[in-house]
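Chemist: Quick one: structure below, then a few questions.
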Amino acid sequence: MAAPIVDAEYLKEITKARRELRSLIANKNCAPIMLRLAWHDAGTYDAQSKTGGPNGSIRNEEEHTHGANSGLKIALDLCEGVKAKHPKITYADLYQLAGVVAVEVTGGPDIVFVPGRKDSNVCPKEGRLPDAKQGFQHLRDVFYRMGLSDKDIVALSGGHTLGRAHPERSGFDGPWTQEPLKFDNSYFVELLKGESEGLLKLPTDKTLLEDPEFRRLVELYAKDEDAFFRDYAESHKKLSELGFNPNSSAGKAVADSTILAQSAFGVAVAAAVVAFGYFYEIRKRMK
């Protein structure tokens, strides 16, 4: 499929879609599953073959029925409502925009979003996403395949500060933090505490303490939330652009024109979302 023409009209549609996603995510308390959708569409990238990645292919039944994507049909259906109002926006852009907004409205860092991804109907083979039962070498194999680094592995793992695992989807149950609708560094704080009643630690979480370089970053992020936010924003942007080469001048213009408005609105919405966080159990099926 052809890449979209990122002109003034397309950028206006992106702005409108961003606004609608903010409202949707705040009202439905669905930030965790929107972030998961963005990650899982992007996380299939293979740098060597240049296949997979954030191309919207996860919308196809062949891919969203992969075991690792269990439950993501909820997020796909929610995005369809936004797509119907803004048909010019590609699914690839929409899913990554949803992930950026999910972090933003729950109090996380601003992530620069550059549109222009093209859609694909070619689905990668199952098995490219991380297996939660594996150790640190598996994480390196998966992330290095995408062209990402150790810092990216640990920073992106911090995204588990949002949401919870569901046994019918992954075989695991429970949230990683006490406030699973708040994006902060508590994932790392809880990880260093060890086992805590009611909180989840996957094998892929625990293994971050077994490798010296991973542990160094865990300890840094646990004590310095600003460092975590800075590195997370950088790593999330890298993940969202795997295999995507935006025009540099257009990308800079988009970033410069949106980051200030994104920042100001995000603070207000984040406060509202966090305030309602205690009701997450009522709406947990929407995560």
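Glycine too: its Cβ is placed from the backbone N, Cα and C atoms.
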Chemist: Need a hand: Swiss-Prot gives Thr177, Asp184 for K(+), which of Thr161, Thr204 is also on that list?
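Modeler: That K(+) site, as Swiss-Prot gives it, pairs Thr177, Asp184 with Thr161.
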Chemist: From the recorded positions Ala2, His160, Thr177, Asp184, pick the residue whose C-alpha lies nearest to the C-alpha of His40 (active site, proton acceptor).
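Modeler: That would be His160, the closest of Ala2, His160, Thr177, Asp184 to His40 (active site, proton acceptor).
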Chemist: List the residues in the vicinity of the K(+) site, defined as same-chain residues other than Thr161, Thr177, Asp184 with C-beta within 8 angstroms of the site's C-beta centre.
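Modeler: Same chain, not in Thr161, Thr177, Asp184, Cβ within 8 Å: Gly158, Leu162, Trp176, Glu179, Pro180, Lys182, Phe183, Asn185, Ser186, Tyr187, Glu190.
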Chemist: Would you mind listing, in sequence order, the residues at least six apart from Ala2 (N-acetylalanine) in the same chain with a Cβ closer than 8 Å to its Cβ?
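Modeler: Set apart from Ala2 (N-acetylalanine) by at least 6 residues yet with Cβ under 8 Å, we have Lys118.
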Chemist: In whole Å, note down how far the CA of Thr177 (K(+) binding site) lies from the CA of His160 (heme b binding site).
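Modeler: That separation, Cα to Cα, works out to 8 Å.
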Chemist: Do you know the DSSP helix, strand and coil residue counts for the region 'Disordered' (46-66)?
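Modeler: Counting residues by DSSP class gives 7 helix, 2 strand, 12 coil.
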